[in-house]
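Single-structure report; data block below.
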Amino acid sequence: MAGAGLRAAAGCRWLRLRGDDVPGWQRATAASSCQGCGPSVPNPTCAGSSCPGAHCPGASVAYSSPDPAAQQSAAPGPAAQSPEPSAYLWSRYREMRKLVHDLLPPEVCNLLNPAAIYANNEISLGDVEVYGFDYDYTLAQYSDSLHSMIFNTAREILIQQYKYPGEIRKYDYIPDFAIRGLHYDVQKSLLMKIDAFHYVQLGTAYRGLRPVPDEEVIDLYGGTQHIPLYQMSDFYGKGPSLKQFMDIFSLPEMALLSSVVDHFLAHRLEFDQTHLYKDVSDAIRDVHVKGLMYQWIEKDMEKYILRGDETHAVLTRLVNHGKKLFLITNSPFSFVDKGMKHMVGKDWRDLFDVVIVRADKPNFFTDRRKPFRKLDESGVLQWDKINHLEKGKIYRQDHLPWELQAGFLPADTSSRPPGGGQSPGVRDRLGRGPRSCQGNLFDFLYLTGWRGSRVLYFGDHLYSDLADLMLRHGWRTGAIIPELEKEISIINTEQYMHSLTWQQALTGLLERMQTYQDEESRQVLAAWMRERQEIRSITKNLFNPRFGSIFRTFHNPTYFSRRLVRFSDLYMASLSCLLNYSVNFTFYPRRTPLQHEAPLWMDQLCTGCMKTPFLEEMVHIR
Ligand SMILES: [Mg+2]
């Protein structure tokens, strides 16, 4: 069992390395501080090496160590005692390298399961009676090959309709150019990654396709890398000058925006930054509004829709356990219907109690002014009150102008009747859809009685799908983050684990040893600082060479991560992860210690410091 060795090893060390059992040099480490417990306050029960933060060594970090001894011998040697401060610092450095090297069990790598569900908040699925879903990138996961098609089509729209230079055709889609959650400063044409404290992560600011020097970024923001609150994006990711790219469709948008800016800068063409941003956004939106993307998907669902059989398995399993299901999506019915038939079968609507299409999220969650309302056979609005939502009917938020509500236009406006049978001839004023109604979530709650923690809603957009439900309505929420699969595969590598662990250990050394301020010691500390910076860049680049992980800016959580934690109880790579858990499973978030707390929680002592869903412990219940 992958985790057992680590847990047993951790437990043994904990019991062994206490008080008088601690060898001399380890006792010194424990008495001064430890990596896991903090830098300055001695912890008599913590022997440094046994603390959760110090388990993992940095023996295989792919860079050159500044240690003079290490340059002569690759293997970490015993601590050399010397009265010289700089020699003492290097001896502590080697001790830490050895400690980290010796204490890393081989099992520590490849521990995280990309098919696991991660909890921000405790939640018991046994309490959940009603499951709600978004459609795009939630029930239906799409192939990345869509991105290059969106990029190429929007690029052509810019050339043909917006009269941009044809030379921008030389720019092809760069698949890993950007990551989700980045911010764009429209006035400065800067694409950048911002952390949870509103600081730009240095080294991650790009204008066009080229990096912007850190000094220039700092200069642009008045001598700081901090972005003031009034400039930041608002609740839904849109600020006066900064926009946040939050959905997966925005990956081709960021790539196109950067390509066009790059062209103008390279040719010294004067351009209006606001116009350019808006034109690119509109061109990307046109790909959706004109229904092109829907057509591509409908034409080859086998190619573009991923994990369809697993979505089917999730839905049928929930229904078989007595759960109620509903769907609220911004996409049009005809598109959803075709996709669901492909994934689930022609009777897919039998699984759902309520289906609402073109919902105009997030307005659907916040606007009370549009009650559900029936349309008669000729599409005329009726005055009679809606007292319940009928299973088998399709409901639609239909506030005009509907094209602007979600940026979507149906590829097929002759929407199908429930179950795909004969059309009942029910059409709205625009001649679309089966029986259509207006609506909002307040009425939805009133009509269904589905309130609070009985309801768990899944979506991929932190703002449009999850924020209001979590903050205003008290539903439980699950975020679908497809990037998690790739990020976990990187975290599982030996290189990442070694780099990160040694980086943490070195940071602890820097913090503790900064009191040595003689000239030689300062040079040692400067060398450590350079090494730390090098490792930080290495670990960042493992995820994305320009922007790193979507979850971290070096040590801090990203702005995206902060929102993820705030707006979701659970997060996972795909809906199919639910198949790995019982329908009564309770998710307990790890108690991550606050800065003033010792990480000595019993759950971590019992299961090891790396309490994660271990690969071989995952029970696959399908
Ligand atoms: Mg979606």
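Here the Cβ of each residue, glycine as well, is placed from N, Cα and C on the backbone.
Unlike curated entries, TrEMBL annotations are predicted automatically.
For reference, TrEMBL has these:
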type: BINDING; residues: ASP134, ASP460; note: Mg(2+) binding site
type: ACT_SITE; residues: ASP134; note: active site, nucleophile
type: BINDING; residues: ASP136; note: GMP binding site
type: ACT_SITE; residues: ASP136; note: active site, proton donor
type: REGION; residues: 411-432; note: region 'Disordered'
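Note: ASP134 (Mg(2+) binding site) has non-local neighbours LEU327, ILE328, THR329, LYS361, TYR457, PHE458, GLY459, ASP460, HIS461, ASP465, ILE480, i.e. same-chain residues 6+ apart with C-beta under 8 A of its own C-beta. Taking the Cβ of ASP136 (GMP binding site) as reference, residues of its chain lying under 8 Å away and at least six apart in sequence are, in sequence order, TYR142, THR329, ASN330, SER331, ASP460. According to DSSP, ASP460 (Mg(2+) binding site) is assigned to coil rather than to any helix or strand.
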